[in-house]
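Below: the structure, in structure tokens.
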Protein chains: 2
Amino acid sequence: MDNWQEYDNAPEDLVLSSRIRLARNINGIPFPNKLDVASGKEVVNNIEKAFYTSDEMRENYKSIYLWNNDSLQNSKYFEQHLISPDLINHKDAAAFILNKDETISIMLNEEDHIRLQAITGGLNLPECYKMANKLDDKLDENLDFAFDEKLGYITACPTNLGTGMRASAMVHLPALTMNNQMNEILKVLTQVGMTIRGLYGEGTKAQGNLYQISNQITLGYTEEDIITNLEVVVRQVINQEQATRESLIKAYKYDIEDKIYRSIGILKNAVLLNSTECLDLLSNVRMGVELGIIKDVKKGTLNSLIIDTQPSTLQSKLNTKLNEKERDINRARIVKEAFNKV
Amino acid sequence: MDNWQEYDNAPEDLVLSSRIRLARNINGIPFPNKLDVASGKEVVNNIEKAFYTSDEMRENYKSIYLWNNDSLQNSKYFEQHLISPDLINHKDAAAFILNKDETISIMLNEEDHIRLQAITGGLNLPECYKMANKLDDKLDENLDFAFDEKLGYITACPTNLGTGMRASAMVHLPALTMNNQMNEILKVLTQVGMTIRGLYGEGTKAQGNLYQISNQITLGYTEEDIITNLEVVVRQVINQEQATRESLIKAYKYDIEDKIYRSIGILKNAVLLNSTECLDLLSNVRMGVELGIIKDVKKGTLNSLIIDTQPSTLQSKLNTKLNEKERDINRARIVKEAFNKV
């Protein structure tokens, strides 16, 4: 498992990260929405007991209790893709267990008691599944999961019944976006039980041309089927993106190179950068790297900047509240520093 | 006398160049508009005879005959501010005499038989006048200038009667332009017998926030009066520009710095640059140098790029005809090279 932010093994790869998420609930205990704070914290405590069973586990993992954090810290974890808005909604009794390289995040008392996530760089869902499965087995040893012979794992929302598994991949699709093909792709994906969303999931706009493709249906398929199908679909979408890029480059070679190089020029020099423009410029540079036009910028730098320039992460790192203008100034500074290190 | 393109003695100075132009005609010979080609060339020949009277003159000056050039070459000289569109209009019998450092250009058979120009860097009209006067005296020794006791020098257009002198200064006024104050300034200047025009004189739009301030009235004033008045007016306009800059910086410090630094970033990285954008970006960087924000860019580099990125100069240097896209590509390349030398 690789931390996706640091992952830059394959510059031409359009997949930033793969993620497997398993939803689990404990038998006989109401779903988090129905729990008061004390009972919620007891659930957290019981899961921790089932999880931290050895020194090795205690060394490699730590619990973060949302009720101990201010909202800036929690929203930073959200921006880092480690927790969901729903976990923050349950913050009075919610927590998550995180490993050192941040490839595992187990949310406690989100919509379900347990939302186990395994995240890696590039397109590698089997690897994520192997890891998630291992940890799931471990929890299963000491916890009594709600499970029905017919329905599979019981979850708060029926869309997660069955495997309780969601597989997703974050992909970079600037050419399809530029060419207004994303709605068409969403339609096709919906027909095969999948969906495509923006950088921050459900209901968020695609910023920086980054999209998450994931399965919608969890019931009636095995985990292996879901993973195989998703990888096939992701590869198809990527092929479409590549074909669109090729035809755009054929028609507008200089314009595309101009866009890519100007973006680097602005990122290296701007004094003010708002979040939307920043993600757009990073996307242009990423495309330059993927196309082999830009050779001296690492994917890892671009990945980290996507996260580090988010409003809460930015403020959290500087340990201070900032107004919009101050955020724009500091975002520009952080980006400039990262690019000048290159 | 300094070549204005290379002049970067005073980074904070808003005046790029000063120019004195004297209009003279030869007694008893019709104005160029009334001359046929053979008679026009005879006039050129007679003036040359009066001018090249020593080895020193022949060494330091050369004649360029417009009828020998293709239109690209002639329009390159226009872009370099060495000749006027009117000289090109008379190209069948027109020429100009140029010195080595291109501070002197004597147009022959423009609207008048002789249009003697002396150009230097910065605000230094007396220096230009001294030089123009010296050459005028020299021509006067061997030619019979049309002169009237009451009207002074006789010229084709009555607006040049009297001294036949036009004094002008090229100034950089981005803040007044941004603040929409230029129309107001034009009104005030007109009231005191002066005018303000774009980079390429009469009827041209101000590109790159560059303007030429010049006297309109030549009759009834001495040369010294014209020069003194113009310098006073130029200084007043500059003071207004400086005041406007100060108030803009007070209100929009970061936005202005952002604009300046982004401009550098784009100039250093763009793959396509059209002429208008190029001049605008160069203007932003120039303002950065004038304000002391940018320390590692020389005014000389900016001055040369204004000229070198003009369409005909660009094509003339590459010795080939280019379409618009090719010009944009080569303009971007030239700019990038100049900035990366810095």
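Heads up, the Cβ atoms here are built off N, Cα and C, so glycines get one too.
Per TrEMBL, the feature domain 'Phosphagen kinase C-terminal' maps to B:14-244. The ATP binding site annotation in TrEMBL covers B:17-21, B:His81, B:Arg115, B:166-170, B:197-202.
Feature map: TrEMBL annotations on the structure.
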{"residue": "B:Ser17", "record": "ATP binding site", "Cβ contacts under 8 Å, 6 or more apart": "B:Trp4, B:Tyr7, B:His81, B:Ile119, B:Thr120, B:Gly121, B:Gly122, B:Ala169, B:Met170"}
{"residue": "B:Ile20", "record": "ATP binding site", "Cβ contacts under 8 Å, 6 or more apart": "B:Gln117, B:Ala118, B:Leu125, B:Cys128, B:Tyr129, B:Met131, B:Ala132, B:Met165, B:Arg166, B:Ala167, B:Ile227"}
{"residue": "B:Arg115", "record": "ATP binding site", "Cβ contacts under 8 Å, 6 or more apart": "B:Arg21, B:Leu22, B:Ala23, B:Arg24, B:Ser84, B:Leu87, B:Ile106, B:Met107"}
{"residue": "B:Ser168", "record": "ATP binding site", "Cβ contacts under 8 Å, 6 or more apart": "B:Ser18, B:Arg19, B:Arg21, B:Gln212, B:Ile213, B:Ser214, B:Asn215, B:Leu230"}
{"residue": "B:Tyr200", "record": "ATP binding site", "Cβ contacts under 8 Å, 6 or more apart": "B:Phe78, B:Glu79, B:His81, B:Gln207"}
> In the predicted model, what is the mean pLDDT computed over the domain 'Phosphagen kinase C-terminal' (B:14-244)?
Replying inline: 94
> Within 10 Å of the Cβ of B:Arg197 (ATP binding site), how many other Cβ atoms are there?
Replying inline: 18
